[in-house]
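Notes for the one structure printed next.
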Amino acid sequence: MLANLITIGFLATTALAHGDHEHQIPIAGPHKALWYNTLPGDGGTQADSVFSGISTFGRLPYYPCLASEDVKFDIAFIGAPFDTGTSYRPGARFGPSGIRQGSRRLNLYGGYNVPLKTNPFNSWATIIDCGDIPVTSYDNTWALHQIEEGHNALLSRSPATDAKEKGPAINGKTLPRLLTLGGDHTITLPLLRSMNRAYGPISVIHFDSHLDTWKPKVFGGAPSKVASINHGTYFYHAAQEGLLANDTNIHAGIRTTISGPSDYENDGYCGFEIVEAREIDTIGMEGIIKKIRDRVGLTKPVYLSLDIDTLDPAFAPATGTPETGGWSTRELRTIIRGLEGINLVAADIVEVAPAYDTNAEHTTMAAADALYEIMSLMVKKGPLSKMMIDEEGNEIAEL
């Protein structure tokens, strides 16, 4: 009986509402002041709430960059949803969308980075989210080709700032910077192939718990050419293909078990120095920062690749191959900030597999925060044309 009365009441109310609506004067628009307010201080303009709207990285503007060349940018985020090169837990194909979800609060209060004294969301740089590279999940060889070509299509464009100024790329060009959201770590090989086309052999800072320089016969047995390229061997292939600058590459955060000492010898042949995760207990964060800076230097272009399993699973459980004994989110962010002044020309973050995360989104938020620090470093460094000017303001002939 009560249910019937409620239903009758609802229908009557609805009918009255429709009846009244016919006699109401429509609200004239647009009334932008209802939704977009000027915030106090340095906050800018009110946008959607952090829990609403379409998810882009840090709520940056979205543009389908691979569908059109009508928009210019200085820094762009691009997703590479690929995870068929994993050896343990799949799921990183959802990494790009998960990281974007985890980044929603980054500029809630304006986006100013207090330790680095910069605001990457309000600076000289035009920064956008270009969406994802369309990647097949049925053919690894074709997928890696898609990632390389998609990345290079964006990397080779003229930036919004200083496009005509001399820069560090091949033929003296100034190019935009790209931040790639993975995807498993296999994607770094096609990304380095793209970088090589633009810059030649490049120095790499590699944050990870694993070496990822294993010979294919050691890691997976390499039953075929396709299987030989995976998230544990891509740096071996990169070294074989001449994509890495000699003896200027470094791992940081390593703590995995290995097949034997020969794995470390092979790693040296691939051009890497190793910073173990446990060294934070002896030389501290400052010592780790110094090792990285001394290795890659301050004059050449540098590519940064960050595997989220650099963090301890207590801070980032949602990853394909978790290893205990890692760094905290605070420690990693401090170490990244310590790279200020290094010429970061591009970066990726990989192995985020949201299905294994907690309801609190620990991993995706940690990944987004690490990218925020990297983006801040790039913005604070200025356009890549600045690499061609020394501290006295003199033009550098070549790098």
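Just so you know, glycine gets a Cβ as well, placed from its N, Cα and C.
Residues or ranges marked as signal peptide in TrEMBL: 1-17. Under the heading Mn(2+) binding site, TrEMBL lists His185, Asp208, His210, Asp212, Asp307, Asp309.
Spatially close to Asp208 (Mn(2+) binding site) yet at least six residues away along the chain are His185, His251, Ala252, Gly253, Ile254, Ser305, Leu306, Asp307, Asp309, Thr310, judged by Cβ distances under 8 angstroms.
His185 (Mn(2+) binding site): 32 other CB atoms within 10 A of its CB, across all protein chains. Here the Cβ of Asp212 (Mn(2+) binding site) has 28 other Cβ atoms within 10 Å, regardless of which shown protein chain they belong to.
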